[in-house]
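Some features that TrEMBL has for this protein:
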type	residues	note
DOMAIN	2-142	domain 'EamA'
TRANSMEM	37-58	transmembrane segment
TRANSMEM	70-89	transmembrane segment
TRANSMEM	96-118	transmembrane segment
TRANSMEM	124-141	transmembrane segment
TRANSMEM	153-173	transmembrane segment
DOMAIN	153-285	domain 'EamA'
TRANSMEM	179-196	transmembrane segment
TRANSMEM	216-237	transmembrane segment
TRANSMEM	268-286	transmembrane segment
Amino acid sequence: MSWFIFTLLSITSLAVAELIQQKILRSKENEIDERSSTVLTYFFPIILVLIFILFTRHRAELFSVFDQGVFSYLLLASFTASLGVFFYLKSFNAKNICFSLVFMSFSAVVSTILGIIFLNESFYITKFIGVGLILSSLVFLNFKSAVIEKYHWYGLVAGVFFGISYIMDKLVVIDTSPVTYLFWSFTLVTLGTFFLNPRAVIETIKVTKIAEYKPLMISGLGFMFFNLFTFTAYTYGGEVGRVDAINNTEIFLVILAEYFIFKQKKDIKIKLITALIAIVGVYLLGVF
């Protein structure tokens with residue numbers, strides 16, 4: 001299989017996870033905030049992946065990430081990802097989070113530039129056109145919400161940190177198994193997010209009903225496969241900038257799901273047009 005196939009699998013997994021997360025966070029009966037949702041969502045995959053590792057050949061390489069060179073990348077990846085999550089959640093204070101998501105897609109620009117500088121990734125014009133089309137489609141999709149609030153800029157900061165984190169991800173998976181790295185990256189990011197406000201997370205856990213854990217677990221599986229497929233795409237030669245840009249198009253899969261499954265038809269014309277632009281961008285990144 002090629003890196004492009006794994007990337008398509010990753011955005012499909014992410015779209016499923018995002019749909020479930022939206023349902024969780026928008027539920028009026030739910031008392032789980034964004035930070036606690038992140039911790040609880042990642043906790044189940046951590047346990048699941050650890051069990052898988054302990055009963056497979058990956059057991060022998062569980063601590064391979066503590067190699068001096070790899071571990072420094074792991075720490076930096078986890079640190080920047082935790083900061084990315086922090087600013088991402090902070091951007092949710094905006095009245096409309098659409099522009100936060102647009103600014104977060106700036107990670108594709110950061111990862112593309114850093115990938116060229118530090119990983120000697122390709123410098124083709126079609127690559128930049130593809131990234132540009134995808135980012136443009138995201139801007140056009142949210143153009144109606146043209147009032148930019150101060151909290152939207154936290155989304156931009158999050159995008160910068162995520163872009164750096166993705167570069168570190170590839171540097172790690174070059175030298176270790178994607179499964180092993182998945183366990184450690186989820187563990188460290190979860191701990192980092194937890195310690196941003198441990199008291200709030202603990203209080204949330206106390207009041208969370210058992211029935212509310214089911215969608216969190218399913219969403220966690222989606223995020224687990226998203227990261228696993230993304231890391232695997234890197235091992236098959238996927239460039240960070242290309243993979244990151246394509247991953248940003250998951251919003252259009254969410255839109256299609258909302259239209260065909262949940263029958264949400266608001267602004268469908270602009271959504272379909274921007275989705276078509278994004279598809280052209282994905283094609284350029286995946287084929288050329």
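One-based numbering along the chain as shown.
Glycine is no exception: its Cβ is also placed from the backbone N, Cα and C atoms.
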**Request:** With DSSP as the reference, give the number of residues of the domain 'EamA' (153-285) in helix, strand and coil.
**Result:** 111 helix, 0 strand, 22 coil
**Request:** Restricting to the domain 'EamA' (2-142), report the mean pLDDT as a whole number.
**Result:** 85
**Asked** When you scan the chain for residues with a C-beta under 8 Å from the transmembrane segment (153-173), skipping those not six or more beyond its ends, what do you find?
**Response** 65, 70, 73-74, 76-77, 80-81, 83-88, 90-91, 93, 97, 99-111, 114-115, 118-119, 181, 185, 230-231, 234-235, 240, 243-244
**Message:** Pairs of Cβ atoms less than 8 Å apart decide it: which stretch in 70-89, 96-118, 179-196, 216-237, 268-286 has the most with the transmembrane segment (37-58)?
**Reply:** 179-196
**Item:** seg_contact(the transmembrane segment (179-196), the transmembrane segment (268-286)) with at least 3 CB pairs under 8 angstroms, min sep 6
**Value:** no
